[in-house]
Amino acid sequence: MDKQAERDQSAGPVKTPQETQPPAHNYTYHTNAAQRAVYDYLKNVKPIPELAEPKTYKTYEEASVEAVLYPIIEKHQVIMVAGAFFGDEGKGKTVNAVANHPGCTFIARVNSGENAGHTVYDDAGRKFVFNLAPSGLLSKGKRNYVGPECVMDPISFMENEVKQLIEANVPYKEQLFIGNVSIVTPYHKLLDLLASAPNSSTLKGMAPIHASKVTKRGIRLDHIFNDQSVLRSRLRKDIDTYFGFLKVKGLSDADVLRRCEKENGDGVVRVPPYVVEFVQAEDKVEYLVKLYMDRVRNNKNFPARCDVAHELRSALSRGEKVMLEGPQSYWLSNAREKFWESTTSADTTASGLLATAQYNFQLYSSVVINVHKAPGSSRVGVGANPSSFVAQDYFSAKGVKTLRDLPENMCVDFDSIQKLFFTKAFHPETKEYNGIWEPLEFEDSTGKYNIGVAMAVASSRHHGECGAVTKKPRVCGFFDCVLQYEVNAVQGPYLSISALDRGDDYDKLGITIAYVYYNGKNNEVLNINGREYKNGDIIKAGEAVPGEAALYYCHPIVKLINGWKQTPIAASKRKPGDPLPRGVCEFLSTVEYFTKAKIISIGNGPRGKDIIYIKQ
């Protein structure tokens, strides 16, 4: 870690991560005094030599899926498609490409739950939104499984996912099999709702159900299909957590009902009707037993059940190839201590997939294809995100649940905003350019906005970066090489970058190649994993990523890349085989240089086939 010579060297009080909280909320639409003070410090940070790297840029050429992806698949028995950032990376396209390989016949989700989500299209162009169902359901001749370490709300699964398959006449009964999953009940979702800040959770009950799971309470799918007395007993034991929470918080059923109505008040159904009915039920355990009897056990449309882990091992022993479809991502994994307070509750790294798939990794070769998204790399929820345009909890703190909560015409002129940001807020023409952006103001008919706020709102609008169902805005930012380097070191080298055709709309693009730490206090030192972080410290790609307590105060050092507006790569505008623009080559070269990844493909459109494979 480089030390800035000009920083205040006086040793101040040392704080541990447990004592350090996220920056206090003082968020405004316009640039405030605190933001100007941060910039006044950061603008004097000396440039790092890495801003001039790489010295030369590679030229990349297009190749076929058979020449790039298929050899990787054919060398291995287990292929994992995993998120490389904070989820929502556009993994579905790569998942479909792997699933379409003739030798890949077994496709599985093996952990996490319906808080994951992906949009996929079948050969007829029909759109499907899946949360827990594997994408291979739309490929003929593939068997799809939901493994026992997944968590499932079977009511939601039937209403939102299986219903789509039934209406589209997809023969899922022959293709979809469910393991002995842990059951997400209405009270898990209510605990999630009552304990979460706006825009900070998917409200799918993930933390509460995993708490039930690790404390060996709760129920699994097999309990619904067996002795009802055991089912009742286990539900009565587990539901005590919910009743205890209400007692501690002094909440009644009427209070909870009002909270549900408020959450659904803007027309987006975040709390489904059966959860509301649970709140209203006098005997809540009996309500659940009847609910599961009527809509799961006695439902002829419920998919077949099986021992998924056994089926997976049997498939491998027969020489079949298995694809594990990763939910969320590396940095959203609860098994990664750097962000563990703001992650999901399952291990969603590639190693987490491997562990929950329950096969002998000594016998079968595995490979990981990581997926990142750029431009407009995004994260939902709360937590640190050094490369974002605004603080990760900005929308949450402002009470913004959906884009509809913003002024109707606020920051809709994406082109003007990105032009101001990349051509005026940065100063690459100066000798002392250090990769820090100036907090300029953007003005439209609705008011004046800090340029970071304008970029965050405009990116969410322009790129559709909001939840497919919740419409919750994602917080966008730069491609982050500091975080991606660790992902590559742990589960690389293969990387697919989705949505790169978005770059068609930019004058320039930014890539985070390092962070500078600044907490706004002159002498405070933060001690994480035995290292002291002081104002002005630089954290580069390849160095240890600090914990979240420090990451809240890390600011991106941004390398600017030339755009390619005049030579768009979108599938609707580009002819297959056309040379890739210089700006694209600059972008890919920079990412490979700083992360050591091997980029195998880039996305260039919404359709499943809109992928450009990169000649290796």
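Backbone N, Cα and C atoms are what each Cβ position is placed from, and that goes for glycine too.
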Per Swiss-Prot, member of Arg236, Arg258, Arg259, Arg474 binding GTP alongside Gly87, Asp88, Glu89, Gly90, Lys91, Gly92, Lys93, Gly117, His118, Thr119, Gly603, Asn604, Gly605: Arg474
Per Swiss-Prot, Asp88, Glu89, Gly90, Lys91, Asn115, Ala116, Gly117, His118, Lys216, Gln328, Thr343, Lys472 bind IMP; matching candidate in Thr202, Thr241, Thr356: Thr202
Listed recorded positions among Gly87, Asp88, Lys93, Lys471, Arg474 whose Cα sits within 10 Å of Gly117 (IMP binding site): Gly87, Asp88
Spatial neighbours of Glu89 (GTP binding site) among the binding-site residues Asn115, Thr202, Gln328, Lys471, Lys472, Pro473 [C-alpha, 10 Å]: Gln328
Site with most surrounding Cβ atoms, counting all protein chains shown within 10 Å, from the binding-site residues Asn115, Thr202, Gln328, Asn604: Gln328
Residue with minimal Cβ packing [other Cβ atoms within 10 Å] among the recorded positions Asp88, Glu89: Asp88
His118 (active site, proton donor), number of other Cβ atoms within 10 Å: 23
Residue among the binding-site residues Gly87, Pro473 whose Cβ has the most other Cβ atoms within 10 Å: Gly87
Number of Cβ atoms other than its own within 10 Å, given for Lys472 (IMP binding site): 26
Span of the IMP site, taken as the largest CA to CA distance across Asp88, Glu89, Gly90, Lys91, Asn115, Ala116, Gly117, His118, Thr202, Lys216, Gln328, Thr343, Lys472 (Å, rounded to a whole number): 34
